[in-house]
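Take a look at the structure below.
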Amino acid sequence: MDGCFWQINQAISEAVSQYQSGQTTPAMMAVQDAYFDLFEASGMENKVGSRDAAFKSTLEGHFTRLVSLMKAGQPVEQLQTEVAALQKDLASAVEMLGGGDETDWSLFIYSLLIIVREGLEALLIVAAIVAYLVKNNHQDKLPLIRQSVVVALIASVLTAFVFQWLFANSGQSRELLEGFTMMIAVVMLFSMSYWLLSKTEARQWKAYLEGKFSKSLSSGSMIGLWLTTFLAVYREGAETVLFYLALMGDASTTSGHLSILAGFGVGCVILLVAYLVMRFTVVKLPLKPFFMFTGGFMYLMAFVFAGKSVLELIEGKLFEPTLLPGVPEISWLGIYPYLETLIPQGILLIAALVALWVMQRRGRAIPAQ
């Protein structure tokens, strides 16, 4: 990875020189090319991601911030500060990846962390949907949810192999696919959130208790649940497969490959335990708190995905970001210091406030009736 390190540094230095000479657009394109043609194409991104996803995101953030600083016409001194931070973290990445052959134990830990880290979000969403169906006596619909998970897993594997071997610029294509997939998931999750929370409003709650909502689910509702489950699993599935392919490349012995398999197996057991805890704990809540908890969780996931989806599109070179100085980065909430990522989250906040206002008005109208 030493050669890649120097190539990226040289490409970034040339991009800064272009920016200094007034060639802003070519400079931004040069930074993006360094990200896709060197950082991703060399395999460094997936190798780092297979060990430390947060550090991978930090490295990606340096490239994105450089583009946003150039777009904003910031002084070269600010760019140099960001370049220095990128060089420091790239050096750390090279050190991380250049320690010789990985031990069986380290391969086991990396493999375990990949499946737990990437699978937890999807698992919680699926568990919430399953708990909803069980809570409302729709166990007969559970095979459809299982089918959705299986289809998503198969699609993830196929997508990963297509990106790995058929597309020359698989990184950019993958970023765009993940971005658009998450945008669809945002709409589905927010819709489900509103639908669930609306059941806690007085008139809807009265109708629910009278059995008008619990007797059956419309075909449209089941399509929505199926699609939400599919998107939750598929969203990170392809990237997870690519992480494992990168990790397998670091295993030079049979015992190393077995360690990766063992880590994957133990990780799946951990996810299964987490699923069962969520499935059998949440379902014991009284109906009204259950709807509030599940609806609130779906809204939180929609909010997180809204920010992350736009960031994926930015990293996929669909458009350049607008940096907002002073805005903190809270990646676990999907909050990033860019105008483009904050706009959809702001829309979701406004939509939530409007929805709450509508539900309160309906609730106050009940006594008058």
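For all residues, glycine too, the Cβ spot is worked out from N, Cα and C.
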Expected hit for transmembrane segment in TrEMBL across 217-235, 236-254 is 217-235
Same-chain residues at least 6 beyond the ends of the transmembrane segment (107-132) with a Cβ under 8 Å from one of its Cβ atoms are 50-51, 53, 142, 145, 149, 189, 196, 225, 228-229, 232-233, 235-236, 239-240, 243-244, 247, 250-251, 256, 259-264, 266-268, 270-271, 274-275, 278-279, 282-283, 290, 294, 297-298, 301
Comparing 179-197, 255-278, 290-311 for Cβ pairs under 8 Å with the transmembrane segment (342-359), the winner is 290-311
Same-chain residues at least 6 beyond the ends of the transmembrane segment (179-197) with a Cβ under 8 Å from one of its Cβ atoms are 125, 132, 224-225, 227-228, 231-232, 234-235, 291-292, 294-296, 298-299, 301-302, 305-306, 308-313, 316, 318, 344, 348, 351, 355, 359
